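Q: These came from Swiss-Prot, pasted as-is:
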type: SIGNAL; residues: 1-19; note: signal peptide
type: DISULFID; residues: CYS44-CYS265; note: disulfide bond
type: BINDING; residues: HIS110, HIS113, ASP120; note: Zn(2+) 1 binding site
type: BINDING; residues: ASP147, HIS150; note: Zn(2+) 2 binding site
type: DISULFID; residues: CYS187-CYS235; note: disulfide bond
type: DISULFID; residues: CYS216-CYS223; note: disulfide bond
type: REGION; residues: 225-274; note: region 'Disordered'
Amino acid sequence: MKKTAIALLAWFVSSASLAATPWQKITHPVPGAAQSIGSFANGCIIGADTLPVQSDNYQVMRTDQRRYFGHPDLVMFIQRLSHQAQQRGLGTVLIGDMGMPAGGRFNGGHASHQTGLDVDIFLQLPKTRWSQAQLLRPQALDLVSRDGKHVVPSRWSSDIASLIKLAAQDNDVTRIFVNPAIKQQLCLDAGSDRDWLRKVRPWFQHRAHMRVRLRCPADSLECEDQPLPPPGDGCGAELQSWFEPPKPGTTKPEKKTPPPLPPSCQALLDEHVL
C-alpha cells in the first residue's frame, strides 16, 4: 500500500509554536539508577545521562531544544557509532533528537523517543564540522525523490549506507527506521552480507535521517520491548507494499487519544511537576 507523503520539515516543527507537555517542565534528569519505563511511545526514564555536546566524532544539533538526554546505553551507543564512523573516515555524525531529561511525550514531531532509547541521526556526513549557526538551524538533505520511489542518486553515497550498516550491526540496536526508498536502495547495494538488513525498517518520512532504537536494558524491568522484526532481510513483498497504490476506500486513520501513562511515570510526574 502506498503511504501518504508527509513533508520533511515536519521533523523540524518548532516547539515554540506548540503547547508544552508536562514533561518539558522537568529540566534535569530524575536522580536514581537508570531505568527506562514503559513503551517507546508511552513512557519515561529515571537516571538519564546527558550526551556531551562536545566531541571530535559527532556534533549535536538544536541544543537549544534540550533533547540530548537518554539512557546511558544510548549515550554509549552514540559515542561508539561515531567513533567507528570516524575511524573509517566517513565524516562527522550529526545527532538530532534523543529525549527530554525525564523522557515522556514531546509537544510535537515525535510519538516515540519517550524512554531514552531512541535517537535521530542525520543521513549526511560532513567532512567539515558545522558552525554553531548550522547546528542550531540544521538544513536536512532530502535523499528521496519527489515521487518517493527511489533515492536521489546525486545525494546518495556508500558512506551513508556504511553508517546505517554500522548502526544495524550494533548488538544493542533492535530497529532502524528509514524511508522505504532508502531501505530499497540498501537492499540493492547490500550484496551477500544481508543479515543486518533485518533491523532496517521502512517507515513514514525519514527522508533525511534515521531513527535508531535500542533494546530495553536488562535491568529496566518496567521497559516494554517490541517484538523482533520478521525473519529475513525485509527486501521482498513487505517492502514493495510501501510502493503500491492505496486500496479503494482507504481513509486516513483518526488521531488516537494518548493512552494512560505507566503508573511509575505518572508517579514521577506527580512528584516533580503536578
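Residue numbering: from 1, along the chain as shown.
Placement of Cβ uses the backbone N, Cα and C atoms for every residue, glycine included.
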Q: Given a separation of at least six residues and a C-beta threshold under 8 Å, show me what packs close to CYS44 (disulfide bond) in the same chain.
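A: Same-chain residues close to CYS44 (disulfide bond) (Cβ under 8 Å, separated by 6 or more) are TRP23, ILE37, GLY38, ALA102, GLY103, GLY104, GLN114, THR115, LEU261, PRO262, SER264, CYS265, LEU268, LEU269.
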Q: What does DSSP assign CYS187 (disulfide bond), in three states?
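A: In three-state terms, CYS187 (disulfide bond) counts as helix.
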Q: Going by DSSP, how much of the region 'Disordered' (225-274) is helix, how much is strand and how much is coil, in residues?
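A: Its residues divide into 17 helix, 0 strand, 33 coil.
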Q: For CYS223 (disulfide bond), identify the closest of the binding-site residues HIS110, HIS113, ASP120, ASP147, HIS150, judging by Cα separation.
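A: Comparing Cα positions, the closest of these binding-site residues turns out to be HIS113.
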Q: Other Cβ atoms within 10 Å is the metric here; tell me which of the binding-site residues HIS110, HIS113, HIS150 scores highest.
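A: Highest number of other Cβ atoms within 10 Å: HIS113.
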Q: Mind checking which of ASP120, ASP147 has the fewest other CB atoms within 10 A of its CB? They're the binding-site residues.
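A: It is ASP147 that, of the binding-site residues ASP120, ASP147, has the fewest other Cβ atoms within 10 Å.
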Q: Between ASP120 (Zn(2+) 1 binding site) and CYS235 (disulfide bond), what is the CA-CA distance rounded to a whole number of Å?
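A: For ASP120 (Zn(2+) 1 binding site) versus CYS235 (disulfide bond), the Cα atoms are 23 Å apart.
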Q: Between the Cα atoms of HIS110 (Zn(2+) 1 binding site) and CYS187 (disulfide bond), find the distance and write it as a whole number of Å.
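A: For HIS110 (Zn(2+) 1 binding site) versus CYS187 (disulfide bond), the Cα atoms are 27 Å apart.
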Q: Going by C-alpha positions, which of the recorded positions (HIS113, CYS187, CYS216, CYS235) is nearest HIS150 (Zn(2+) 2 binding site)?
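A: Nearest by Cα distance to HIS150 (Zn(2+) 2 binding site): CYS187.
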Q: Quick check for the class: what is the C-alpha distance, in angstrom and rounded, between CYS187 (disulfide bond) and ASP147 (Zn(2+) 2 binding site)?
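A: Cα-Cα, rounded: 19 Å.
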Q: Per 10 Å Cβ neighbour count, which of the disulfide-bonded residues CYS187, CYS216, CYS235, CYS265 ranks highest?
A: CYS265
